[in-house]
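Notes to accompany the following structure.
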């Protein structure tokens, strides 16, 4: 029985090329990922700064700096500290659902603008914070900004990019996230040396990526898909010709119009998501972000300084180790940009899963042997620390070219227009919900599971790899409005897709079948 379906070209090929205009547009739009990445990187860094801890979390500071009898695994276990970190993700969850309406009714770029404005206000409040209440309010506003940006940017990129380059251009969003993480880690390293107010610079620095997305959203054009959806067909045709760099865009334009007409017939996109024919899409909208968070990557990235400090690194060494993982994260994402439209989504998902599993098991063994369950040890030998960091870096690299970018790319490209905005909101909401859950319980899990925490995530990596092998079809090289052919020809999902929902009905189905390669 086939585990998946690889479609080499999809139902039809639209003329067009990658123009400098589209490339520049997608680069600017992808910078929306900077705000999410900067926050992931900055959070763990400031929570390892003594001045920040002593001001806002004195009980944690006492355990970390004064009380040497506390189990090493449990020094940072604090409900208030985890609430500071994870409150953003609850806010992002709520905002992503609201963003669905804004994105559909007013366009993708307006959602990006709202995201940038909200994030900027949150950054200002955090930089000026005098108590924990101000910190939490600032974090909530940051979360609203992240929710709007994460809902709209992947959609914008998938709709603007030519289908042959959709994977590479969409991954620009994940690349921006990794660059944001790296910049935050570098700034944390230097700002930590400034006593009393270095943490304010780290938190206030979030204004810079916010301003970038604000200015970028004002300069960006609307996508042809969004313009058609809002009744601007003549403008959309002109825009599509410019975007594709050719005048022969009738086939693609007509397909976009048909998709828009179908979309208008849908009065309740949220309710329609529950229809049988959308079951494959809804499953992926939930499963992919769920599994993405259970790789454990956000634990590594926004708790990296705390984690390295916990396993025996000093203050500066832990922040520098976080910088190293940030560099690896950014560089490895370039591998995905190169390979996603060359090797396909499934290959990167599966290879990354194997690599992450091996690294998590090795790290668990090394930490377990040295710290046991007591969490106490003599000074950590330098070579031992280097090995731990090395395997964490290999793990980060695997995520960066697989579940990192593909966790955003695949959901954004598989939904039909009539449910696209709502389904993308589901994807972001699920992602934010489980990011919140993992962030909220991580320090407690580290305290109770010790080194077994890495084995916990390794188990889920195995589960998600099996899921991808069996149920995720290959979407490489398939025009976004022709994606139903992929589902129809899948061994499991095909029974859910009615023939009348296929583009051009039977003729397209036959054309699609002629280009299908079964992946065993």
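Keep in mind that glycine also has a Cβ here, set from the backbone N, Cα and C atoms.
All annotation found in TrEMBL is predicted automatically rather than curated by experts.
Per TrEMBL, the features are:
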{"type": "DOMAIN", "residues": "25-476", "note": "domain 'Major facilitator superfamily (MFS) profile'"}
{"type": "TRANSMEM", "residues": "21-40", "note": "transmembrane segment"}
{"type": "TRANSMEM", "residues": "81-103", "note": "transmembrane segment"}
{"type": "TRANSMEM", "residues": "110-129", "note": "transmembrane segment"}
{"type": "TRANSMEM", "residues": "135-157", "note": "transmembrane segment"}
{"type": "TRANSMEM", "residues": "169-191", "note": "transmembrane segment"}
{"type": "TRANSMEM", "residues": "197-220", "note": "transmembrane segment"}
{"type": "TRANSMEM", "residues": "282-306", "note": "transmembrane segment"}
{"type": "TRANSMEM", "residues": "318-340", "note": "transmembrane segment"}
{"type": "TRANSMEM", "residues": "347-371", "note": "transmembrane segment"}
{"type": "TRANSMEM", "residues": "383-410", "note": "transmembrane segment"}
{"type": "TRANSMEM", "residues": "422-445", "note": "transmembrane segment"}
{"type": "TRANSMEM", "residues": "451-472", "note": "transmembrane segment"}
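If you look at the transmembrane segment (197-220) against the transmembrane segment (21-40), you find at least three C-beta pairs under 8 angstroms, all six or more positions apart, and that counts as contact. When the stretches 21-40, 81-103, 110-129, 347-371, 383-410 are ranked by Cβ pairs under 8 Å to the transmembrane segment (318-340), first place goes to 383-410. Stretch with the largest number of CB pairs closer than 8 A to the transmembrane segment (169-191), among 81-103, 110-129, 135-157, 383-410, 422-445: 383-410.
Among the stretches 21-40, 81-103, 110-129, 383-410, the one making the largest number of Cβ pairs under 8 Å with the transmembrane segment (422-445) is 81-103. Tertiary proximity for the transmembrane segment (383-410) is limited to same-chain residues at least six positions away from its ends with a CB under 8 Å from its CB atoms, namely 150, 154, 158, 166-167, 170-171, 173-175, 177-178, 284, 288-289, 291-292, 295, 297, 300-301, 308, 311-313, 317, 321, 324-325, 328-333, 335-337, 339-340, 345, 348-349, 351-353, 355-356, 359-360, 362-363, 366-367, 370, 431, 464, 472, 475.
Proximity of the transmembrane segment (81-103) to the transmembrane segment (347-371) is not established, fewer than 3 Cβ-Cβ distances being under 8 Å for residue pairs spaced 6 or more apart. Among the recorded stretches 110-129, 135-157, 347-371, the one sharing the largest number of Cβ pairs closer than 8 Å with the transmembrane segment (21-40) is 135-157.
Within the chain, the transmembrane segment (110-129) has long-range Cβ neighbours (under 8 A, six or more residues past its boundaries) at 29, 32, 35, 56, 95, 99, 102-103, 135, 137-149, 151-153, 156, 200-201, 203-207, 209-214, 216-218, 220. For the domain 'Major facilitator superfamily (MFS) profile' (25-476), the model gives a mean pLDDT of 85. Remote same-chain partners of the transmembrane segment (135-157), defined as residues 6 or more beyond its termini with a Cβ less than 8 Å from a stretch Cβ, comprise 26, 29-30, 32-33, 35-36, 39, 56, 83-84, 87-96, 98-100, 102-103, 108-109, 111-112, 114-126, 129, 166, 169-170, 172-173, 203, 206, 210, 213, 220, 223, 408-409, 411-412, 420-421, 424-425, 428, 431-432.
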